[in-house]
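Annotated in TrEMBL:
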- 199, 206, 209, 215: [4Fe-4S] cluster binding site (BINDING)
- 45-197: domain 'HhH-GPD' (DOMAIN)
Ligand code: SF4
């Protein structure tokens, strides 16, 4: 198969994204939250587990410790008891208590609104920061999770699609360069939702996939 030119790839990316836009017209953040602080904590808790599990523990957590001030003064063992179902509860409890303390002391009790500041918080990397920026503040952010890595690879939206250990920061830079900033957050949501519904990790449903006409990986698992 001849190498696709950069221009052709970009045209295909936009055409495929149009299909995803029609398929998923109003994507929403799957984590439940009422404030930016709650989304930040929920996202830290969501590492290595499902959003459903996180949504199962956050009502009890936020009923008791709904602000940075309250959570920063929490007893770690009591927090661990509440968040136990999300796994890695010891580390996660330490992170959310520490980041609450940092927000209280370094940011006047308010979740900061920049990538640079958010990533100074305990347990917060670029993916979490992008989730908070895009979903809590309406600031363009493109979270790269396992679904985004898989989809951008299979669709060959990124040039290192052959890589078995792709770099999420590189993916973020390469994909965001191809789309308008106001689209970044929903682009990530749509890729994640489409990865969950159709382009599964082990057995993608290529036969019924609306992208199978143009996807370079279509049918590889048949
Ligand atoms: S055709 Fe198959 S590999 Fe390509 S996006 Fe659809 S499900 Fe994924």
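Every residue gets a Cβ built from N, Cα and C, even glycine.
Annotations in TrEMBL come from automatic prediction, not curation.
Given the structure is predicted, the values throughout are model-derived calculations rather than measurements.
Within the model, the domain 'HhH-GPD' (45-197) carries an average pLDDT of 97. There are 18 other Cβ atoms within 10 Å of the Cβ belonging to residue 209 ([4Fe-4S] cluster binding site). All chains included, 20 other C-beta atoms sit within 10 angstroms of the C-beta of residue 215 ([4Fe-4S] cluster binding site).
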